[in-house]
């Protein structure tokens with residue numbers, strides 16, 4: 001909004017010229033979202049605590065100490081993140097940019113699904129929540145709209161025919177595999193998979209939000225690079241007109257994440273719930289699809305992939321062979337069962353997220 005107000009005045013007022021710079025507006029979005037999370041965090045947590053009573057239900061068959069230590073902690077803290085992200089983005093981004101709206105659409109849509117899931121868990125005091133099939137149908141419907149919207153946007157901006165339905169292979173120069181209509185299925189799987197992978201990761205205080213911020217920072221940089229002709233040509237990556245504005249959304253996400261972490265740091269005063277984890281994961285997946293770096297998401301978000309795969313392996317192994325591969329899934333609970341302290345798991349997973357992010361950034365140069 002501020003961009004549309006001040007950018008046209010740049011020729012007459014030197015200060016207004018700052019609003020033409022994506023980096024300046026990203027900083028503004030980050031600070032705005034962070035302040036919102038700081039200021040509204042305490043009253044929102046108090047309101048959630050009063051409304052929810054017993055808070056988020058804790059799995060009785062899970063980690064024993066969680067039943068005692070985490071019982072009564074309110075959930076739906078994702079509202080705080082979404083508030084900061086939305087206000088920060090809408091205030092500082094170019095609202096004529098389609099990619100901004102695509103990411104906002106998925107973030108909000110997945111947030112609604114997550115809210116329904118959280119609401120059912122809290123009101124019924126069960127860990128079951130929203131039915132898995134209904135949940136997936138809703139997620140795939142939202143993801144399909146986003147993928148179609150993104151490919152249409154790419155075509156309207158004049159990308160080379162076929163690029164909009166192609167997959168870029170990291171570490172290989174100009175290697176784009178056009179999979180045609182299958183891209184719509186692939187894109188949906190990326191977005192839905194990302195949303196649920198982050199959701200699986202959100203099981204310990206601070207575990208999910210920091211890797212999400214790290215991934216957002218990484219993809220913000222990549223979006224900025226592919227959104228500039230000069231950088232894209234120098235690094236020999238495909239150019240995506242308008243993608244640079246996604247950096248502003250990423251900045252808002254990081255700012256809101258920092259503010260949320262203030263309240264989610266151990267011992268957590270609030271959990272983000274599915275309201276936050278599904279929406280943030282969906283946002284990361286959508287960004288990856290929009291800037292044609294879907295496979296890089298598997299690297300940068302490798303921690304999320306590991307968490308999701310651990311659950312899939314656990315379920316498949318038990319159904320097929322009647323045996324569990326892990327002591328408990330997702331895998332962070334496996335390490336808890338082995339006796340690792342919660343802060344040890346969280347910090348080590350953060351370190352892994354940083355390493356994977358650096359590898360993901362290296363794909364820009366190593367080709």
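A Cβ is built for glycine as well, from the same backbone N, Cα and C atoms used for every other residue.
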Swiss-Prot annotation of transmembrane segment - which of the ranges 134-154, 323-343 it falls on: 134-154
Closest-packing stretch to the transmembrane segment (96-116), where packing means Cβ pairs under 8 Å, from 28-48, 134-154, 271-291, 295-315, 344-364: 271-291
Recorded stretch, among 134-154, 206-226, 243-263, 271-291, 344-364, maximising Cβ pairs under 8 Å relative to the transmembrane segment (75-95): 243-263
Closest-packing stretch to the transmembrane segment (206-226), where packing means Cβ pairs under 8 Å, from 28-48, 134-154, 243-263, 271-291: 243-263
Contact call for the transmembrane segment (134-154) and the transmembrane segment (175-195): at least 3 Cβ pairs under 8 Å, seq gap 6+: yes
The transmembrane segment (175-195) versus listed stretches 243-263, 271-291, 295-315, 344-364: most Cβ pairs under 8 Å: 271-291
